[in-house]
């Protein structure tokens, strides 16, 4: 087995990260250090600040407080070169969908400095692996959600990045593809890549993550491996844990009220 | 990938870009994709089977023919018997006016495109390169546009005044592009800097109206700068002329070829030579700041103001016959109010509709008192308010969230025409009525209560006109069911044609008043009323 030397400096670090939108605080001092070769499950209820964190790290969000470092450099001052080592699958699945898969992959590859021929070849091979060989020259606008998601995943990996941000990457994928993708994540982490994985599907996060970070109300509410978190809280699944940490217990009551409202016409 | 011919030209300018600190390879890459996308239209979500298959074609390039036609109308100015200064001032003023209007209405959405952010900002592309790609993308279109507008006049000039004039003229056309691009961007940058969140999104649209007003009013300054008598047309120098770009540009031509070299003219000519470069270098300096600021538009933050929907509710009750129509009336009103791109494309025409009546009023009654104006029939200029309708209806089929249109197919809608009638009624109340009422109030103050019947006739005409326009503008497409593409909202034969029809209505009204003074207006109103009922009853029947 090949042993990969892991850098001692954290690949990603956030210190007292704060952010507010027109006076409303969204992040209230987030501290986090991540070393390479980990799959981080980044979870939290809607509006907890997950996307904001990722947006800051990708340079999409200005005007935050605190420091964010990637690969040891402060991203406020380091320029844009660090983005070359990042792959990103956005939650909104935004693509230029009047392009064909081939064109889109060549385009994203090119944005990361990849030569067109190389990007095309690699893109085609990866598409084949995902069973999309026959739609390589079809416009993305006619793709199903799952197919589009696969193209986004491929586009995020073309340039062999060291750090990956996956925001709900499984949405729309069929069960077989999910199986393949989970395996891919594990392998990517084995080769020393770091995966920052946000999702709301708790059983997947539970299975694939080396470490789980739970963001609640702009702060980190829990941080550790699933076993560690479980030991502290004596709860069954990550879902239960999630409910407990975010102080949510009334799901049965809400469901009951909801259905009774549906029945009233 | 099929490469656009434009890229070959930008390749020639590679050293220039590199000197400006742009990563040329990356910029070219982004630009190539943008041009490719412009040439393609996305398939339509619904009703795609019924539509004829459209080939890859750039809609903008097609609209160039309209601009070329306008360009032909400019040609006679070349043959005016005056000095170079006057005629070229007029020509440049017209071209600048057209370019600025296109810039504000059609290209603002390119400048303020936020869809790019999630895709491009996450890649290692620096803001300067990204902005350069945007700029070149816009410049290609602007140069084509000024080319179409200016070439007829330039060729006429070549034949009449020779090569020197021709080359200077072309150079000035490029200056016009630089001036309009940098000025528009500055205004947006200021707004982006000083406002935040939801406020910003509202303000941007008001700025557009303001810009279109400013351009239309600014155009007046060019003519006012000259003293036109029967024998002479002379420039009477005044300090404010230093702020009128067409005068700068025309002065350079006058200075070089015409031979007038007074101190004031030399100053103007110098401005004409320097200002485009100064403005553009400032533009370049702020490119980074601009791109950073545009990101602010993507942030979905803060509470959006709760709409006071009460008036809408009432209007819906008043104007719509059944629940279905009312539903689509409210839906369409909300979409029009909240879709930023829609507003970006339509609001400038709102500004025009408001300012044109006054410009014509003031021009035609040069020197007469307000009282004299009040005696006249200047209130006919209120027909200009109709301009809003075709522009708005051209855009009605588009939405930035066009994919939501599946609801039309999925919902059990009994009468499909109520989708259309609801949307059309919403267009009238949301976009036309505000402009109409504003004009009416001012005109009532000017012309007194006697014009009330005429204003009523105009309102009825607007309603009839809406149905006519919807036939040509919407066709079979559902409202808000197609993406905004490079489809220009101005410079479109359909819109020009509809403007003509609006003119016919105004003419009919004028003839009725002139031939049969007195109570004839009421007969006209009665006729309109009957036509109105018929048109609304039958006009949308085909949609079911």
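Heads up, the Cβ atoms here are built off N, Cα and C, so glycines get one too.
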Range annotated transmembrane segment in TrEMBL (choices B:321-339, B:378-396) is B:378-396
Tell me which range among B:241-261, B:346-366 TrEMBL lists as transmembrane segment.
B:346-366
Given pairs 6 or more apart, does the transmembrane segment (B:346-366) have at least three Cβ pairs under 8 Å with the transmembrane segment (B:91-112)?
yes
The transmembrane segment (B:203-222) vs the transmembrane segment (B:263-283): 3 or more CB pairs under 8 Å
no
For the transmembrane segment (B:431-449), could you work out the same-chain residues 6 or more beyond its ends whose Cβ comes under 8 Å from its Cβ atoms?
336, 346, 350, 353-354, 357-358, 370, 373-374, 378-379, 382, 385, 388-389, 392, 455, 458-459, 462, 466
Hey, which of B:138-159, B:495-515, B:521-540 has the most Cβ-Cβ pairs under 8 Å against the transmembrane segment (B:165-191)?
B:138-159
Let me check one thing: do the transmembrane segment (B:58-79) and the transmembrane segment (B:378-396) come into contact, meaning three or more Cβ pairs under 8 Å with sequence separation of at least 6?
no
